[in-house]
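Features reported for this protein in TrEMBL:
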type    : residues              : note
DOMAIN  : 9-278                 : domain 'Tr-type G'
BINDING : 18-25, 86-90, 140-143 : GTP binding site
Amino acid sequence: MSTLQEEINKRRTFAIISHPDAGKTTLTEKFLLYGGAINLAGSVKGKKTAKHAVSDWMEIEKERGISVTSSVLQFHYNDYCINILDTPGHQDFSEDTYRTLMAADSAVMVIDASKGVEAQTIKLFKVCLLRHIPIFTFINKMDREAKDPFELLDDIESVLGIDTCPVNWPIGSGKNFKGVYERDLGAITTFVAEGAGQREIETHLLQMDDPDTEKKIGSHYMAQLRDEIELLDGAGQELDMDLVRSGKLSPVFFGSALTNFGVETFLRHFLKMTLPPTPRVADTGIIDPVEEPFSAFVFKIQANMNKAHRDRIAFMRICSGKYEAGMEVNHIQGGKKIRLAQSTQMMAQERTIVDEAYAGDIIGVFDPGIFSIGDTLCAGNKKFQYEGIPTFAPEHFARVRQVDTMKRKQFIKGISQIAQEGAIQIFQEFNTGMEEIIVGVVGVLQFDVLMYRLQNEYNVEARLEQLPYEYIRWIENEDIDVAKIQGTSDMKRIKDLKDRPLLLFINSWSVGMVEERNPGLVLSEFGKN
Ligand code: GDP
């Protein structure tokens with residue numbers, strides 16, 4: 001096998017999706033712990049991370065005039081090279097969070113066992129579905145009182161519409177959490193909460209027919225477990241890897257990230273069940289990660305918040321071949337050859353300059369303002385383009401006006417550039433055009449960023465008036481007379497900068513109502529670029 005093929009085969013690139021507080025940070029940290037990337041879990045991550053990241057960011061920004069936020073963590077586990085993509089939640093939730101999923105080959109969905117499927121998980125899950133990537137479920141916090149495991153699986157199946165197949169099965173929860181039954185081994189791993197999760201834990205495997213097992217677990221729990229195993233074996237889905245790989249069946253694991261319980265089991269199964277970077281679709285056909293030389297696409301652009309430096313960082317996912325510092329590539333959308341000089345990568349907690357990277361890896365490249373989200377870069381004389389990245393539905397809308405009408409040009413320039421980076425989406429009134437600009441954002445914080453940047457980078461004072469709309473739908477039908485759509489009282493017609501019509505709604509039920517009233521009208525939650 002060639003080195004290139006070996007390197008690519010080692011790679012696993014995935015995102016962790018969850019609702020805030022389900023334990024995404026804790027689980028990520030435990031993966032790093034098992035990968036040997038950090039020694040004592042809890043020493044750098046957790047709530048302290050925010051501070052850590054901020055100081056890092058400012059230091060590097062000062063040194064090189066670039067802004068940095070963690071985007072991907074790379075670490076090694078056994079013979080694997082693992083890239084975890086960060087999907088920012090909390091107040092940082094934005095369209096970038098969705099776009100990051102475009103760069104992942106699979107997703108790990110963390111669910112709080114006491115809560116089940118929550119709002120943000122649903123949103124992120126929909127994007128995973130769009131791409132048919134494998135989704136692995138980690139039901140976390142079993143050391144706390146949890147919902148009934150069957151209820152949790154039902155919740156995932158009914159709310160998300162994906163089948164589930166438990167790989168292990170919990171015995172009790174909270175104070176009575178005894179451990180998990182490993183279905184593939186037919187044995188029990190007992191729960192030990194020692195060391196407060198700071199070190200890798202030793203696990204003990206108990207055989208089902210060993211009389212000691214009954215004593216250790218308790219006859220009540222053993223009887224219940226036997227019943228449940230029978231139910232699972234009888235009625236449950238089999239672990240069909242074709243279904244897993246096409247994103248139709250999610251393998252489910254129960255554990256407790258805080259105490260490390262179930263983390264390594266998860267990692268081992270996950271790595272076995274997932275594939276190295278798979279071929280991706282371009283306009284010329286399928287691009288093989290090993291056969292083709294370097295190619296990548298831009299999925300995120302990070303603007304510099306320092307107005308002295310307008311430059312940005314473009315994050316790209318390598319889809320084939322190898323990146324070497326200084327290589328010349330074709331920037332397809334720009335129609336130019338460019339040199340990729342300094343690119344950075346996050347190794348565990350540290351950002352480093354990389355000289356080489358392979359398909360599956362994410363690199364951050366200095367961007368003098370030439371890249372847009374979705375752009376393709378190819379090595380040598382290759383000229384193909386990866387499928388564009390969809391536009392995701394904003395949930396907050398506002399009308400934005402410049403205060404000084406003399407500054408119209410700067411205002412339009414600023415707002416258009418910020419939209420090009422993908423931080424905001426801009427729309428116009430359906431009839432009046434550019435007189436009024438309507439801005440849509442996924443996370444409400446983006447409004448603040450917009451106002452700040454207009455003022456500081458473009459010297460334009462603007463006013464923002466929030467609008468009550470929360471739902472946007474793209475119209476899939478070509479040649480439709482938008483004026484003739486039978487609307488609801490809360491529906492508003494707008495258009496994007498390419499004059500494509502869209503609909504805004506205040507209430508979610510109005511979306512269904514409009515579909516009902518206009519047979520043949522096809523509305524979509526995702527826009528094409
Ligand atoms: P995130 O917002 O999804 O990244 O969640 P965090 O990893 O920051 O976790 C949120 C809170 O839940 C923190 O206080 C964690 O210590 C706690 N937590 C995470 N995993 C577990 C777990 O397995 N058991 C318990 N009891 N608490 C946990």
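Glycine is treated like the rest: Cβ placed from N, Cα and C.
Here the features listed in TrEMBL are placed on the structure.
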residue : record           : CB count, 10 Å
S18     : GTP binding site : 23
D21     : GTP binding site : 15
K24     : GTP binding site : 24
T87     : GTP binding site : 23
M142    : GTP binding site : 28
Next item on the list: For K24 (GTP binding site), just give me the three-state DSSP call.
Entry: helix
Margin query: Return the average pLDDT for the domain 'Tr-type G' (9-278) as a whole number.
Written below: 85
